[in-house]
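A.B. asks: Below are the features I grabbed from Swiss-Prot:
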MOD_RES   187  FMN phosphoryl threonine
TRANSMEM  20-40  transmembrane segment
TRANSMEM  42-62  transmembrane segment
TRANSMEM  69-91  transmembrane segment
TRANSMEM  120-140  transmembrane segment
TRANSMEM  212-232  transmembrane segment
TRANSMEM  242-262  transmembrane segment
TRANSMEM  264-284  transmembrane segment
TRANSMEM  290-310  transmembrane segment
TRANSMEM  314-334  transmembrane segment
């Protein structure tokens, strides 16, 4: 009998990288369906643009690096990055913004560092932040919910707005938004920030009706369900999502208790913006998050605290992307001080 000699590691995980990526993308479906239902088919168009750009950009870089195309493109990591960007960017934003964000995420934030497993920062969030800093007006121009528009945006209208900037009837996104009053056209976090600047607090919380915020609430519920599925399937651990949400809620609760005029209530933080998407799908990236159990708890808590701080006092209404990237910077330090001590060593 022949015995094969192999080196460590000897542990075995039945799930391949491709299988993990597919499960994460499937878990995003409830949130994607909610966003599409409330904000229109523009998200699907942006998703197609992002996927094509990600595959082309990754293929070009892999060819230049003389890496195998089939196995690298087939692992699903590029498509997951594209999906996260499509879920994060405004659904009716210009097509070139999605192309720029996706190409930057794949080429600069991922492949420049050596590809999957070597990037220190979450590629999707790097692409998002590049656009947010470079084009803040376009990045904060989310369309209102379909139910609030006098002229609901069809698939044809969405394609025209994304590729030409106007609908077949000659309406721009700004004109479509103008048909909705100033409260309902903003996201919940946008509305809160605007109210702080204009002195319209604290009555904002009572005037914000369910109809205006239903899309964001259901989207977050969808991502929460998808995240619980990933925990059940043991694709991700519970440490980062739970510590992130707990730290954010503790900060928001204390802030709202001490200064309700300048701090949003905890439930607004929990079910607005990219809270659940960030907690279960972005912060849990195994490449850029902490490696140890204690480290994951610290990493998640740090991210959640930063989300609350940026949302409350920062210049942008949602701080998930910046919080994740800032926490990514701290990962080497967290891993250094949370590594388990080897037996026999002090």
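Each residue, glycine too, has its Cβ placed from N, Cα and C.
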A.B. asks: As a test: from 20-40, 42-62, 212-232, 264-284, 290-310, pick the stretch that has the greatest number of Cβ pairs under 8 Å with the transmembrane segment (120-140).
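C.D. replies: Most contacts with the transmembrane segment (120-140): 264-284.
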A.B. asks: If I count Cβ-Cβ pairs under 8 A between the transmembrane segment (264-284) and each of 20-40, 42-62, 69-91, 290-310, which range comes out on top?
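C.D. replies: Looking only at 20-40, 42-62, 69-91, 290-310, the most contacts with the transmembrane segment (264-284) come from 290-310.
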